[in-house]
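See structure below.
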Amino acid sequence: MKLHQALRSVDKFRTVFDFGGRDVAHWFPGHMAKGLKQMRSNLKKVDCIIEIHDARIPFSGRNHVFQETLDVRPHLLVLNKMDLADLSSKQTILKMLEKKGVKNVLFTDSLKQRDDSIKKLAPMVVEIIENKPRFNRDENTDYCLMVIGVPNVGKSSLINSLRRTNLKKGRASRVGGEPGITKAVLTKIQVCERPIMHLLDTPGVLPPKIESVETGMKLALCGTILDHLVGEDIIADYLLYSLNRLGKFSYVERYDLQEPSDDIQYVLKRISVKLGKTQRVKAITGVGNVTVTVPNYTAAAYDFIRAFRKGELGLVMLD
């Protein structure tokens, strides 16, 4: 089928996603409340707050509790994973953030071995701190920063990247591909020599109440919530809906589809066939049980979601 004929059917795709009355209240694990309490207790040692968030969702899912309880200190918003985001509207994003009172913003890719944006962070922090009162830390010549953010946005990766860039040392903070790796506020980690600069790594903390199911789904799609709490099938369906809405159809070629589709079951079936992700199950028939091979939809959904998170389905901006 020719491309213009295939894209004609896109006009009939969903314009609104059906969340099926889902409740996101159970997406706030108990250790997160403990982590926020520890952050507050360590605040008197801190000169500047570094909030890290996913560049693909610069507005959605930022924890308002951070701003209410921790924003008494100078604040820098780091939008990480910029290598996965469509930054064609970067200036618009910066203007919208400024309207919300966020003036200090830095885009980073903390997994990159040499990232020029990481080099800008320490000088930027020093300038921010010097323009604000240091409360009871005026006599200190070193700087203490606290890194905060929702889960799995790259806090630990940023710390390790800063150490690699400024100190030529290896990683000091554990990094994982799923949310919840950092469970408690850690001891100080040095990330710069001139000036002496330490960071406090903290656990990812989601808002106690996510503002909407769609915000929750964006957080889930970006990996800030454990997949099984939401369901791989619904995350994959929301991903398909989002890609179609944004006109990102690279999944068609990747999975050998004939054209874009709005049917997640069809897409997952094609993925399972292409990748050989099948499973054998027993089927009850009138003459006894038989074993049949069927598509493994969960494995296919996971591959689809993982491809998005690794940037293999193109650059996107979900907000």
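A Cβ is built for glycine as well, from the same backbone N, Cα and C atoms used for every other residue.
The GTP binding site annotation in TrEMBL covers Asn80, Lys81, Met82, Asp83, Asn152, Val153, Gly154, Lys155, Ser156, Ser157, Gly204. Neighbour density for Gly204 (GTP binding site): within 10 A of its CB lie 25 other CB atoms from the protein chains shown.
Residues or ranges marked as domain 'G' in TrEMBL: 146-217.
Packing around Met82 (GTP binding site) is summarised by its Cβ count: 21 other Cβ atoms lie within 10 angstroms of its Cβ, all protein chains included. Cβ neighbours within 10 Å of Asn152 (GTP binding site), excluding its own Cβ and spanning all shown chains: 26.
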